[in-house]
C-alpha cells in the first residue's frame, strides 16, 4: 500500500540535480570568461547532468510501467518532456555562446599578432647615415712680395701718365674759374642792411615855443643812414604840444644815442627827447 501511494504521488525526487545544473549554467553565463576550455568543461558537465537526468527518467518510467502504472496520471510525463525540451534548447544556446566566444578569442589572437608585428622591436631598422666630414677650406696661395727690380720696371712704364697730369691741370683751372665767378657774383649782390623804424617824442620848454621852428631844427639833422618821415603835433596839457616824428635808420650807421645828442643840441627849443616806439624792419 505504501509503494502504491508513492507511485501515485506527484513528487520530483531528482529536482535538486536539475537545480544544481541550472545554477552552474547561470554561473557560467554570468561569471567572468576564463577561456574557451572552461566554457567547454561547463558545457560537458551540463550535458552529463542532462544524460543522467534522462537515465533517471527512464528508470522512473520503467518502475512505473508495472501493475497499477496505467492508473497514474499522465501529467508527470508531459512535465518531464517539457523540461527535457527546455534543457535541450538551453544546451543549443550554450553551444552558440561557446562558438561566439571561440570566434572572439581567435579575433583577439589575430589582433595581438598584428600588434606584435607592428611593435618597434619588429620594425626594420633605418639605414645608417654616413658621416660626412666637413670640407677643409683651401687657403689661396700667398702672394710673393714684389722685388725692388719689378717695382722699378713698373715705375718706368707709364702709358697714361701724361694724360692724367693734363686732366688734373684742366680740372684745377676750371675749379679756380668757378670760384672766381662765384666771388664776383657775391660781391655784386647787395648786402642786406639792418634797419629800424623809430618814433621820437620831442618836447618843448613851454607853450610859447615855436613848434614849426623846432621841427625845422630836427629835420635839419642829416646823417648817413638817416631818413626822416612823417610828423605831427600831439597835445600834452596846459596848451603845450610835443612833436612826434618818425625816422628810419640803418643800425650799423645811426644809433638812438646819436639821434638824442643831435636833437638836444637845439637847447633853445628842445627840452627832452624820448623814444616812443622802436621796430626792426
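FYI, residue positions are counted from 1 along the chain as it appears here.
From the backbone N, Cα and C atoms, a Cβ is placed for every residue, glycine too.
What Swiss-Prot says about this protein:
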| type | residues | note |
| --- | --- | --- |
| MOD_RES | 2 | N-acetylalanine |
| MOD_RES | 17 | N6-acetyllysine |
| MOD_RES | 37 | phosphoserine |
| MOD_RES | 44 | phosphoserine |
| MOD_RES | 60 | phosphoserine |
| REGION | 80-115 | region 'Leucine-zipper' |
| MOD_RES | 86 | phosphoserine |
| MOD_RES | 106 | phosphoserine |
| MOD_RES | 107 | N6-acetyllysine |
| MOD_RES | 117 | N6-acetyllysine |
| MOD_RES | 117 | N6-succinyllysine |
| MOD_RES | 119 | phosphoserine |
| MOD_RES | 129 | phosphothreonine |
| MOD_RES | 133 | phosphoserine |
| MOD_RES | 147 | phosphothreonine |
| COMPBIAS | 149-169 | compositional bias 'Acidic residues' |
| MOD_RES | 162 | phosphoserine |
Neighbouring modified residues, C-alpha within 10 angstroms of residue 119 (phosphoserine) - of 17, 44, 60, 86, 107: none
Greatest C-beta neighbour count within 10 angstroms, which of the modified residues 17, 107, 117: 17
Cα-Cα distance linking residue 60 (phosphoserine) and residue 17 (N6-acetyllysine), given in Å to the nearest integer: 15
Rounded distance in angstrom between the Cα atoms of residue 107 (N6-acetyllysine) and residue 117 (N6-acetyllysine): 15
Number of Cβ atoms other than its own within 10 Å, given for residue 119 (phosphoserine): 9
Candidate with the highest Cβ count within 10 Å, taken from the modified residues 44, 60, 86, 106: 60
Distance [Cα-Cα, Å, rounded] between residue 86 (phosphoserine) and residue 44 (phosphoserine): 17
Confidence summary (mean pLDDT) of the region 'Leucine-zipper' (80-115): 90
Residue 117 (N6-acetyllysine) to residue 106 (phosphoserine) - Cα separation in whole Å: 17
Three-class DSSP secondary structure - residue 119 (phosphoserine): coil
Cα-Cα distance linking residue 44 (phosphoserine) and residue 60 (phosphoserine), given in Å to the nearest integer: 24
Between residue 106 (phosphoserine) and residue 44 (phosphoserine), the C-alpha gap once rounded to whole angstrom: 22
